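Student: So TrEMBL lists these for the protein:
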TRANSMEM  28-46  transmembrane segment
TRANSMEM  67-86  transmembrane segment
TRANSMEM  129-146  transmembrane segment
TRANSMEM  152-169  transmembrane segment
TRANSMEM  205-227  transmembrane segment
TRANSMEM  239-262  transmembrane segment
TRANSMEM  305-327  transmembrane segment
REGION    340-372  region 'Disordered'
COMPBIAS  357-372  compositional bias 'Basic and acidic residues'
Amino acid sequence: MYGIAGVLGPTLGGLITDEPKLTWRFCFWLNLPLGAVTFAIAWKILKKKNSVHGRLSLREKLRKLDLFGGFLLIAGLVTLFFALQWGGSKYSWSDPRVATIPTRILSQRTVAISCVFNMLMSMAHNTHMYYLAFYFQAALGTNAVTSGVRCLAYGIPCSIAIIITGACISSRGHYVPFMWLGTSVFIAGSVLLRELDVDSSMGEWIGFQILSGAGIGLAEQVPFIAVQVVLPDSDMPTACALVVFFRLLGGAVGLSIASNLFSSELFQRLAGAVDGVKVEAIQDAGASDLAKSVPAAMLPLVRKAFSYAVTEAFILPIAVAGASLILSFGMQRRWIPDDRIQPSQESEMEADPESTGSHDVELNSTRNEKTV
């Protein structure tokens, strides 16, 4: 479903953006009814397990919330995003303006690596999806709908690879090799995407997207499987939520860093090269209104500058994917049918919350031929 949404999203977003009566703002308003429907379906379908927390009153449940910790976490993330967005572009890095997780679960090796791996790959994925649309519109001069259609070359292979990966893991039981294969394919595609320019052919931008999309699809969903193998059922919701949190965090941080790289390169390319037009005005015009903001004689030069800026942002996916590949070698290699935690082991771990680590040691020692 995640892959299908990734395919449909850019196309529908392009259609909405190009509709004069709706504009791009409607893309955000559309999330409200869709979110409400999703919430209602989840509330109706998902069944809650009986637990001691289920018998608490609403007031008692609110008392157990770490509101102060949540406030600190949100405040810290907001300041982090401001620093990454402004540092080096709007303000210098020396400017003073640019200055809730259960450790028991996060200290488990596979869980920790899965979270960081997913964060890094999300940084790469979001950077590609966002700046490929910028490349098609600003550098090649397409409209939002055409840009969304061209991005299908990235989304469709990603969706197919996710399905194939799930089927292979279900039949074979091994999941770590898909992290290695996926990141390797993704790195190859990312290196090629960085070679795009205003003169690139259709075959090039389609082929490079297919490689990158397939790589993401092979690797990005594996962490969700890994954390379910190494933890008992009682810890699965928290672990999966952690992986999702790190994915969302990675996407936001990745776009902030990529935006900094993009803006710095664009300013450098355009500074002194365009007469009578402010560089800030060109950037603020956005990809869709670029032709209206720049004199026709200067447009080819500006489009080439945008092309260079986009490929500069594409340095980030290569770097973080390389780090992800190295990190994936630290994963515990297990075979799902044998290494899944059994109900009897789960009850022992619930009785002793500190036993997660000791369980890993025991499991590893009894299955040395399959666990590293």
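Glycine is no exception: its Cβ is also placed from the backbone N, Cα and C atoms.
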Student: So, do the transmembrane segment (239-262) and the transmembrane segment (28-46) meet, by the test of 3 or more Cβ pairs under 8 Å (sequence gap 6 or more)?
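Tutor: Touching, no - the transmembrane segment (239-262) and the transmembrane segment (28-46) miss the threshold of 3 or more Cβ pairs under 8 Å.
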Student: Short question: most Cβ pairs under 8 Å with the transmembrane segment (152-169), which of 129-146, 205-227, 305-327?
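Tutor: So the stretch in question is 205-227.
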Student: In the same chain, who gets a Cβ under 8 Å from the transmembrane segment (205-227) while lying at least 6 residues past its ends?
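Tutor: Distal contacts: 2-3, 110-111, 114-115, 117-118, 121-122, 124-125, 128, 132, 135, 150-151, 153-162, 164-166, 169, 175-176, 178-179, 181-190, 192-193, 195-196, 236, 239-240, 242-243, 317, 321, 324, 328, 331, 336.
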